[in-house]
């Protein structure tokens, strides 16, 4: 019985984005003891998660923003060793993974988004998701959709089917829909099921939380708060929304989705407030039915939300906690060789650049084409894209207006992709030229001029001495 309780106990993983010296700390929520410390980590907000309850994954903060490249570190929880360091093309902000742990997505301050396959490390897709910085992201409960929240209040929703299609990785994926209802930066995204439909909730610095229908993107409700909302979390069973504000208060609202739609709800009168923090709330999460809140006041608290009291208060004197993840304490235990072979999930270095797709693979992992489509292509079929195949087959039958329009649109997409790649190559070439000029200038400034006793200058002096005064004057 005691061993079973120990296996079910949970621990809290916390880190900050202020300095790599703070690192990652794992705490026992029941006793308040420190179980593990991982040095050299500073993860951006929404830049920490647990992969299949076996690995901790963190995007490393970059003071220079998106430029200069970035990195994603992966630590195994059950054995102390150096992390798997994957270096990315630009610094990553928020990162997330699908529920099955097969894919990792990352967002950059430049607005670019990245999608990797975990087991192979392959960079399946990189695309420009928005022209502003990506601040948070979340996958839907069934992993079919990927949601991004941006600094200008835009929320964009993308289909995973189009993102993992490696045969079409050269073109930009199609945006499912987007919303521009918020007036300031998005600070949190959470998903939930409400009866027969799926919804998601967004929080923003504009002082509102909005409820949306996930599939259609229809706006259902708006919760209005007196202060900017900096973090949100949902109760695992009850329809309770916990919203942390910039003044340290945590508002608790009951979500009644079916009763009222398309309305503004002022939360001051109907929400009860949890008060213990003195500064802005940085993160909220749940351990079982207990709420955990972190603040800029260098503390994080474990709450009994029913009695509205703090069960335990932790002090993180090195810096404010900006990321929190709850894990099973059993994931920290060493495993036997047999368990390692049967249960250990394989992770690989995440690729920095996209690689050419394998025509025989179709789509990555669970989106492979049926066997009937895997037969060798005809000689006139030059590409491996399904759209090319359809167009090529139609040319043998008849040139319908619809097919001509499809072919024209594809040619335009191909031309746009070639143009963007050309610009990218030109930018890289320009950057390399500047670096080369800088290196040449540094070499000229650092190396002194050669003395006059060099053979070349000696020859020049002898020739000048042999010349007549008239020749020298000329």
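Even glycines carry a Cβ here, placed using N, Cα and C.
Features as listed in TrEMBL:
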COMPBIAS  463-474  compositional bias 'Polar residues'
REGION    449-474  region 'Disordered'
REPEAT    127-160  repeat 'WD'
REPEAT    179-222  repeat 'WD'
REPEAT    274-304  repeat 'WD'
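Note on the repeat 'WD' (274-304): its mean pLDDT in the predicted model is 96. Per-class residue totals from DSSP over the repeat 'WD' (127-160), listed helix then strand then coil: 1 helix, 19 strand, 14 coil. Helix, strand and coil residue tallies for the repeat 'WD' (179-222), in that order: 0 helix, 28 strand, 16 coil [DSSP]. Remark: secondary structure over the repeat 'WD' (274-304) totals 0 helix, 20 strand, 11 coil, with classes taken from DSSP.
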